[in-house]
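Novice: TrEMBL lists these features:
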BINDING   83, 84, 85, 86, 105  substrate binding site
BINDING   106  Mg(2+) binding site
């Protein structure tokens with residue numbers, strides 16, 4: 001179920017109590033914006049990998065149902081863990097977005113897809129294919145602990161994570 005995109009600045013202004021108690025967190029502004037969908041939101045699915053993209057591809061082959069895949073790639077800048085083909089598949093399978101704490105490649109192809117993608121940078125080298133990683137585990141990205149089932153809201157101002165779905 002896709003969430004209604006909300007303006008992150010307005011959400012912060014309207015919910016100081018949620019920020020104070022930690023239910024609403026803003027990620028540090030370290031991500032580049034990719035994909036045609038600059039504003040996206042949805043329930044989070046977490047994945048932890050390091051320089052390996054097998055599990056990412058497996059997740060994106062599933063029906064997305066408006067969810068956001070949050071991938072902790074350990075912040076690696078040595079290779080890309082997401083490329084154009086899996087992003088195209090994610091778009092076709094109904095994912096709202098993908099957040100990558102690591103690098104992507106095939107940027108022109110990704111920028112042509114109607115999906116939101118955030119990543120640290122781009123890198124031409126591909127990832128390993130060993131299938132190593134952990135699914136549905138808490139991850140720490142950009143100064144924020146993110147858990148499976150929380151909600152992510154992204155726009156051109158930034159990225160918010162909420163324990164629950166937010167309404168306007």
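Every residue gets a Cβ built from N, Cα and C, even glycine.
Predicted automatically and left uncurated, TrEMBL annotations should be read as such.
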Novice: Given the substrate site residues 83, 84, 85, 86, 105, which other residues of that chain have a Cβ within 8 Å of the mean position of their Cβ atoms, reported in sequence order?
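Specialist: Everything else in range on the chain: 80, 82, 87, 88, 104, 106, 109, 110.
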Novice: Counting across all protein chains shown, how many other Cβ atoms sit within 10 Å of the Cβ of residue 84 (substrate binding site)?
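Specialist: I count 17 other Cβ atoms within 10 Å of it.
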Novice: If one measures from the C-alpha of residue 83 (substrate binding site) to the C-alpha of the residue listed as 'Mg(2+) binding site', what distance in angstrom results, rounded to a whole number?
Specialist: 5
Novice: Counting Cβ atoms within 10 Å of each candidate's own Cβ, which of the binding-site residues 83, 86 comes out highest?
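Specialist: Going through 83, 86 one by one, the largest Cβ count within 10 Å is at 86.
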Novice: Excluding near sequence neighbours, so keeping only residues 6 or more apart in the same chain, what lies with its CB under 8 A of residue 105 (substrate binding site)?
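Specialist: In sequence order, the residues whose Cβ lies under 8 Å from that of residue 105 (substrate binding site) (at least 6 apart) are 80, 82, 83, 84, 122, 123, 124, 125, 126.
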Novice: Out of these binding-site residues, 85, 106, which one has the fewest other C-beta atoms within 10 Å of its own C-beta?
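Specialist: Candidates: the binding-site residues 85, 106. Fewest Cβ atoms within 10 Å: 85.
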Novice: Restricting to the record's substrate-binding residues (83, 84, 85, 86, 105), give me the longest CA-CA distance in Å as a whole number.
Specialist: 11
Novice: To the nearest whole angstrom, what is the C-alpha distance linking residue 85 (substrate binding site) and residue 106 (Mg(2+) binding site)?
Specialist: 9
